[in-house]
Amino acid sequence: MACVSHWLLLLSLASATLSRPLWSERNGLIEMENSIRLGGNIILTPSEATANQKLMTVKGAEFKEAESTGLFPPSMHFFKARPLIQQSHVFSILHQMPKGGALHLHDFAILSVDWLVKNASYMADCYMCLTRDGGVRFLFAKPAPVGMLPPGCSEWILLETYRKKLGDVTEFDKGLIRNLTLLTDSPEPHIPSQDEIWRRFEGAFITASGLICYAPVFKEYFYESLRELYEDNIQYLEMRAMLPPVYELDGTVHDQFWSMAIYRDMANKFVGAHPDFLGAKIIYTVHRHEDLAQVTEAVHLAMKLMEAFPEIMAGFDLVGQEDAGHSLYQLSDALNIPSKLGVKLPYFFHAGETNWQGKDVDENVLDALLLNTTRIGHGYALLKHPVARNLSLELNVPLEICPISNQVLLLVSDLRNHPAAVLMAEGHPLVVSSDDPSIFGAQGISYDFYEMFMGIGGAKADLRTLKKLAENSIKYSALSKEGKEKLTEIWQKKWDKFIKDLAMNWKKEL
């Protein structure tokens with residue numbers, strides 16, 4: 001950055017003394033701008049250079065087609081763009097690319113909802129009730145539940161019996177799937193405001209929780225989530241988890257320590273079967289609607305979980321709609337407790353997930369940094385706070401960019417206009433993730449990589465950009481030095497194979 005400032009100073013001095021445009025400096029300035037872009041300073045190997053040439057040929061062809069048809073997926077709502085992305089050769093390449101770690105995903109919105117409906121809801125003793133607004137709630141019980149109805153719900157219906165009476169079970173299951181996602185063919189008129197989309201968004205979590213919080217489903221859901229991420233060529237997961245009570249048919253209710261032990265054991269089981277996957281860590285979260293006393297209690301619990309599960313517990317965060325919840329400053333007395341006690345509790349705060357400016361909610365980006373956050377979730381408002389932006393750079397605190405989430409939750413419509421476009425151009429530390437892919441109708445993080453590469457990064461984003469994003473996911477993870485080295489080793493082997501396949505085999509006619 002000092003080099004850039006030096007060049008700009010010389011240019012301004014020259015412009016002050018000369019009346020003619022300094023066209024002789026144009027190429028140098030463009031080259032300088034390209035060099036400071038995210039990944040711009042990476043020197044590609046010969047094989048990577050060949051692979052990059054093929055990648056950019058494919059990307060250029062898709063840009064040209066978009067200009068001809070007027071259909072450019074990053075400029076469209078994801079629900080409409082999704083089938084176009086699935087047909088994209090660029091997307092196919094990104095799916096095959098080893099992406100390192102997925103660092104921003106939420107516990108009950110990782111695995112495709114098809115699995116929940118086609119597997120969990122077909123398990124014995126699964127009951128359903130219908131809400132007044134057309135939604136559903138689930139409960140496992142034996143014998144049949146008496147009472148225990150959520151507000152505004154019908155009587156409990158045993159799904160096994162109900163399905164036997166249906167003429168079209170497939171259509172019924174499609175209806176259940178719709179209740180677990182936000183997918184719609186016409187997103188614009190059906191989603192009028194941020195408050196409404198957040199109401200539906202959190203409703204999908206509530207619906208899913210009735211299935212996932214049943215202990216047998218809880219275990220398999222996490223294992224299958226790891227499998228789906230693995231199939232998307234992800235080598236490591238950091239998952240935000242609220243650790244709600246998990247129940248058994250006999251009435252036993254498990255606490256947060258039980259859930260953490262299950263996450264640890266299932267992750268170890270998956271790694272045992274897939275040694276080219278490093279594992280998972282958990283970021284314990286509570287809702288930002290909770291009051292100071294409740295957050296204080298949660299912080300104390302987080303410290304206990306850190307002590308009990310040092311190998312899998314990564315830290316603490318607050319979740320939920322920022323505009324409607326408490327700000328970090330309002331909860332600072334609770335969040336300052338670990339530092340006052342001399343206890344290490346890393347923070348991974350959601351901050352600045354808002355369109356507002358000059359309110360408590362967008363000042364969360366500054367307060368997150370003052371609270372020594374390890375990463376910033378979303379950070380959509382960071383551009384409006386130059387001091388926080390510079391502090392983030394100085395402290396080397398990355399933003400977790402989740403493009404599809406930001407679009408679906410109505411922060412931005414055309415992803416070419418996402419604030420991360422500016423941050424990428426400046427070389428700001430960033431990682432890519434997918435937040436809640438199952439609710440958005442996505443899987444893994446390849447869809448978000450596509451939006452980042454094609455839309456936010458613009459035409460000049462290339463293999464260096466992708467490599468830097470993957471490397472950042474390792475560099476800025478919560479892993480120890482040894483863990484990062486091991487993950488780098490796993491990723492590098494896969495990266496080298498990916499480059500070889502792309503350079504030598506993929507679309508040989510290019």
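Just so you know, glycine gets a Cβ as well, placed from its N, Cα and C.
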Exercise. Look at the disulfide annotations in Swiss-Prot and name the partner of Cys129 from this list: Cys126, Cys153.
Key: Cys153
Exercise. Check Swiss-Prot: it lists His104, His106, His350 as binding Zn(2+). Then name which of Asp173, Asp185, Asp276, Asp435 it lists for that same site.
Key: Asp435
Self-check item: Integer Å distance between the CA atoms belonging to His378 (active site, proton acceptor) and Asp435 (Zn(2+) binding site)
Solution: 9
Quiz item: So around the Zn(2+) site, His104, His106, His350, Asp435 aside, which residues have their CB within 8 A of the centroid of those CB atoms?
Solution: Leu105, Arg240, Val319, Gly377, His378, Glu400, Cys402, Ser405, Ser433, Asp436
Exercise. Round to the nearest Å and give the CA-to-CA distance linking Gly320 (substrate binding site) with His350 (Zn(2+) binding site).
Key: 9
Exercise. Find the shortest Cα-Cα separation between His106 (Zn(2+) binding site) and the recorded positions Cys129, Asn179, Phe201, Gly203, Phe205, and name the residue that gives it.
Key: Phe205
Practice problem: Inside 10 Å of the Cβ of His350 (Zn(2+) binding site), count up the other Cβ atoms and send me the figure. | Solution: 26
Quiz prompt | Which of His104, His106, Arg199, His378, all recorded positions, has a Cβ with the fewest other Cβ atoms inside 10 Å | solution = Arg199
